(Lines of atoms letter the chains of each structure in order from A and count residues from 1; the text may use other names and numbers.)
(Lines give C-alpha, C1' and ligand atoms only; values in the text may rest on other atoms or scores of the structure.)
Protein backbone atom coordinates (compact mmCIF):
# COMPACT_ATOMS: atom_id res chain seq x y z
CA UNK A 1 0.00 0.00 0.00
CA UNK A 2 1.65 3.17 -1.18
CA UNK A 3 1.41 6.36 0.86
CA UNK A 4 1.55 9.76 -0.73
CA UNK A 5 3.51 12.47 1.04
CA UNK A 6 1.42 15.56 1.66
CA UNK A 7 3.08 18.63 0.20
CA UNK A 8 2.67 22.01 1.96
CA UNK A 9 -0.03 24.22 0.41
CA UNK A 10 1.26 26.69 -2.14
CA UNK A 11 0.66 30.42 -1.82
CA UNK A 12 -2.11 31.68 -4.06
CA UNK A 13 -1.72 34.76 -6.23
CA UNK A 14 -3.67 36.99 -3.87
CA UNK A 15 -1.33 36.15 -0.96
CA UNK A 16 1.75 36.81 -3.10
CA UNK A 17 0.26 40.13 -4.26
CA UNK A 18 -0.43 41.30 -0.69
CA UNK A 19 3.04 40.22 0.43
CA UNK A 20 4.49 42.27 -2.43
CA UNK A 21 2.48 45.33 -1.35
CA UNK A 22 3.64 44.83 2.24
CA UNK A 23 7.27 44.67 1.13
CA UNK A 24 6.80 47.96 -0.76
CA UNK A 25 5.37 49.54 2.37
CA UNK A 26 8.37 48.44 4.46
CA UNK A 27 10.77 49.72 1.79
CA UNK A 28 9.27 53.15 1.12
CA UNK A 29 7.52 54.19 4.33
CA UNK A 30 10.66 55.18 6.29
CA UNK A 31 11.99 57.26 3.38
CA UNK A 32 8.67 58.96 2.63
CA UNK A 33 7.92 59.66 6.28
CA UNK A 34 11.35 61.18 6.89
CA UNK A 35 11.11 63.33 3.74
CA UNK A 36 7.58 64.68 4.15
CA UNK A 37 7.14 64.86 7.94
CA UNK A 38 8.77 67.80 9.69
CA UNK A 39 10.62 67.00 12.94
CA UNK A 40 8.81 69.94 14.58
CA UNK A 41 5.31 68.70 13.80
CA UNK A 42 2.92 67.53 16.53
CA UNK A 43 3.25 63.76 16.23
CA UNK A 44 -0.11 63.02 17.85
CA UNK A 45 -1.88 64.99 15.11
CA UNK A 46 -0.03 63.04 12.41
CA UNK A 47 -1.03 59.70 13.96
CA UNK A 48 -4.61 60.96 14.45
CA UNK A 49 -4.96 61.79 10.75
CA UNK A 50 -3.37 58.46 9.89
CA UNK A 51 -5.94 56.58 12.00
CA UNK A 52 -8.81 58.52 10.44
CA UNK A 53 -7.57 57.72 6.94
CA UNK A 54 -7.13 54.04 7.85
CA UNK A 55 -10.70 54.03 9.20
CA UNK A 56 -12.05 55.38 5.90
CA UNK A 57 -10.01 52.87 3.87
CA UNK A 58 -11.20 49.96 6.07
CA UNK A 59 -14.80 51.20 5.74
CA UNK A 60 -14.42 51.35 1.96
CA UNK A 61 -13.01 47.82 1.83
CA UNK A 62 -15.76 46.55 4.13
CA UNK A 63 -18.41 48.08 1.88
CA UNK A 64 -16.82 46.79 -1.32
CA UNK A 65 -16.46 43.28 0.09
CA UNK A 66 -20.22 43.12 0.67
CA UNK A 67 -19.86 41.84 4.22
CA UNK A 68 -20.86 45.00 6.08
CA UNK A 69 -24.25 43.69 7.27
CA UNK A 70 -22.74 40.51 8.66
CA UNK A 71 -19.88 42.45 10.29
CA UNK A 72 -22.15 44.85 12.21
CA UNK A 73 -24.60 42.13 13.23
CA UNK A 74 -24.49 41.79 17.00
CA UNK A 75 -22.00 44.65 17.39
CA UNK A 76 -22.09 46.57 20.67
CA UNK A 77 -20.02 49.19 22.46
CA UNK A 78 -19.08 46.88 25.35
CA UNK A 79 -17.49 44.30 23.04
CA UNK A 80 -15.73 47.07 21.10
CA UNK A 81 -14.25 48.57 24.27
CA UNK A 82 -13.19 45.15 25.56
CA UNK A 83 -11.51 44.03 22.35
CA UNK A 84 -10.10 47.24 20.91
CA UNK A 85 -9.27 49.93 23.47
CA UNK A 86 -6.17 48.51 25.18
CA UNK A 87 -4.56 47.38 21.87
CA UNK A 88 -5.55 50.72 20.31
CA UNK A 89 -3.81 52.68 23.08
CA UNK A 90 -0.71 50.55 22.59
CA UNK A 91 -0.84 50.99 18.81
CA UNK A 92 -1.12 54.77 19.24
CA UNK A 93 1.98 54.81 21.44
CA UNK A 94 3.74 52.48 18.99
CA UNK A 95 2.97 54.74 16.03
CA UNK A 96 4.22 57.85 17.84
CA UNK A 97 7.46 56.09 18.80
CA UNK A 98 7.89 54.77 15.25
CA UNK A 99 7.34 58.25 13.82
CA UNK A 100 10.09 59.58 16.07
CA UNK A 101 12.42 56.83 14.84
CA UNK A 102 11.44 57.45 11.20
CA UNK A 103 12.59 61.05 11.54
CA UNK A 104 15.96 60.10 13.04
CA UNK A 105 17.19 56.85 11.47
CA UNK A 106 17.95 56.02 7.86
CA UNK A 107 15.54 53.64 6.15
CA UNK A 108 17.82 50.57 6.25
CA UNK A 109 18.63 50.90 9.95
CA UNK A 110 14.96 51.45 10.81
CA UNK A 111 13.79 48.40 8.88
CA UNK A 112 16.46 46.10 10.36
CA UNK A 113 15.68 47.18 13.93
CA UNK A 114 11.95 47.14 13.26
CA UNK A 115 12.12 43.45 12.31
CA UNK A 116 12.85 42.63 15.96
CA UNK A 117 9.09 42.90 16.43
CA UNK A 118 9.01 39.28 15.23
CA UNK A 119 10.95 38.36 18.37
CA UNK A 120 8.66 40.57 20.44
CA UNK A 121 5.58 38.89 18.95
CA UNK A 122 6.95 35.43 19.77
CA UNK A 123 7.77 36.39 23.37
CA UNK A 124 4.44 38.12 23.94
CA UNK A 125 2.45 35.26 22.39
CA UNK A 126 4.26 32.94 24.81
CA UNK A 127 3.65 35.04 27.94
CA UNK A 128 0.15 36.28 27.01
CA UNK A 129 -1.24 33.21 25.24
CA UNK A 130 1.12 30.41 26.27
CA UNK A 131 2.21 29.64 22.70
CA UNK A 132 5.62 27.99 22.58
CA UNK A 133 8.10 28.17 19.69
CA UNK A 134 10.04 25.30 18.16
CA UNK A 135 13.82 25.10 18.50
CA UNK A 136 14.24 26.15 14.87
CA UNK A 137 12.00 29.17 15.42
CA UNK A 138 13.90 30.16 18.57
CA UNK A 139 17.25 29.95 16.75
CA UNK A 140 15.85 31.98 13.85
CA UNK A 141 14.55 34.66 16.22
CA UNK A 142 17.91 35.01 17.95
CA UNK A 143 19.67 35.26 14.58
CA UNK A 144 17.26 38.07 13.77
CA UNK A 145 18.12 39.80 17.04
CA UNK A 146 21.85 39.30 16.43
CA UNK A 147 21.59 40.90 12.98
CA UNK A 148 19.97 43.96 14.55
CA UNK A 149 22.71 44.18 17.19
CA UNK A 150 25.41 43.88 14.50
CA UNK A 151 23.64 46.55 12.46
CA UNK A 152 23.89 48.96 15.38
CA UNK A 153 27.50 47.89 16.09
CA UNK A 154 26.50 46.73 19.58
CA UNK A 155 27.96 43.37 18.56
CA UNK A 156 30.76 44.16 16.06
CA UNK A 157 31.67 41.76 13.27
CA UNK A 158 35.23 41.54 14.62
CA UNK A 159 33.93 40.48 18.04
CA UNK A 160 36.63 37.82 18.47
CA UNK A 161 39.40 40.10 17.26
CA UNK A 162 42.04 41.23 19.70
CA UNK A 163 41.60 44.88 18.71
CA UNK A 164 37.98 45.38 19.69
CA UNK A 165 36.78 48.95 19.30
CA UNK A 166 33.11 49.87 19.29
CA UNK A 167 32.56 53.24 17.62
CA UNK A 168 30.56 55.73 19.63
CA UNK A 169 27.39 57.14 18.11
CA UNK A 170 25.80 60.45 19.03
CA UNK A 171 23.32 60.24 21.88
CA UNK A 172 20.44 61.51 19.70
CA UNK A 173 20.82 58.44 17.49
CA UNK A 174 20.06 56.27 20.52
CA UNK A 175 17.49 58.39 22.35
CA UNK A 176 15.51 59.57 19.29
CA UNK A 177 16.13 56.62 16.95
CA UNK A 178 17.14 53.26 18.40
CA UNK A 179 15.18 53.49 21.67
CA UNK A 180 11.87 54.56 20.02
CA UNK A 181 12.01 51.90 17.29
CA UNK A 182 12.82 49.18 19.84
CA UNK A 183 9.93 50.41 22.00
CA UNK A 184 7.63 50.38 18.97
CA UNK A 185 8.85 46.89 18.10
CA UNK A 186 8.05 45.56 21.57
CA UNK A 187 4.64 47.25 21.68
CA UNK A 188 3.83 45.78 18.26
CA UNK A 189 4.26 42.24 19.59
CA UNK A 190 2.38 42.98 22.83
CA UNK A 191 -0.58 44.69 21.16
CA UNK A 192 -0.79 41.94 18.54
CA UNK A 193 -0.85 39.23 21.21
CA UNK A 194 -3.48 41.08 23.25
CA UNK A 195 -5.63 41.63 20.14
CA UNK A 196 -5.48 37.95 19.26
CA UNK A 197 -6.27 36.90 22.82
CA UNK A 198 -9.22 39.30 23.05
CA UNK A 199 -10.59 38.17 19.70
CA UNK A 200 -10.36 34.52 20.70
CA UNK A 201 -12.06 35.30 24.01
CA UNK A 202 -14.92 36.88 22.06
CA UNK A 203 -15.34 33.75 19.96
CA UNK A 204 -13.26 34.81 16.96
CA UNK A 205 -14.67 35.20 13.48
CA UNK A 206 -14.53 39.00 13.61
CA UNK A 207 -14.36 40.71 10.24
CA UNK A 208 -10.78 42.03 9.73
CA UNK A 209 -11.98 45.29 8.14
CA UNK A 210 -14.43 45.82 10.98
CA UNK A 211 -11.75 45.13 13.57
CA UNK A 212 -9.42 47.60 11.83
CA UNK A 213 -12.18 50.22 12.01
CA UNK A 214 -12.67 49.49 15.72
CA UNK A 215 -8.96 49.90 16.42
CA UNK A 216 -8.76 53.12 14.38
CA UNK A 217 -11.83 54.61 16.11
CA UNK A 218 -10.46 53.78 19.57
CA UNK A 219 -7.02 55.16 18.68
CA UNK A 220 -8.59 58.36 17.29
CA UNK A 221 -10.57 58.90 20.50
CA UNK A 222 -7.47 58.37 22.65
CA UNK A 223 -5.29 60.67 20.50
CA UNK A 224 -7.94 63.38 20.25
CA UNK A 225 -8.41 63.31 24.04
CA UNK A 226 -4.64 63.61 24.55
CA UNK A 227 -4.51 66.60 22.17
CA UNK A 228 -7.23 68.39 24.17
CA UNK A 229 -5.03 68.16 27.27
CA UNK A 230 -1.79 69.03 25.47
CA UNK A 231 -0.21 72.45 24.78
CA UNK A 232 0.09 71.28 21.14
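Keep in mind that glycine also has a Cβ here, set from the backbone N, Cα and C atoms.
Automatic prediction, not curation, is the source of TrEMBL annotations.
Residues 74-93 are the range that TrEMBL records as transmembrane segment, among 74-93, 94-113. Beyond the transmembrane segment (52-68), the same-chain residues lying 6 or more positions past its ends with a Cβ under 8 Å from any Cβ of the stretch are 207, 209-210, 212-213, 216-217, 220.
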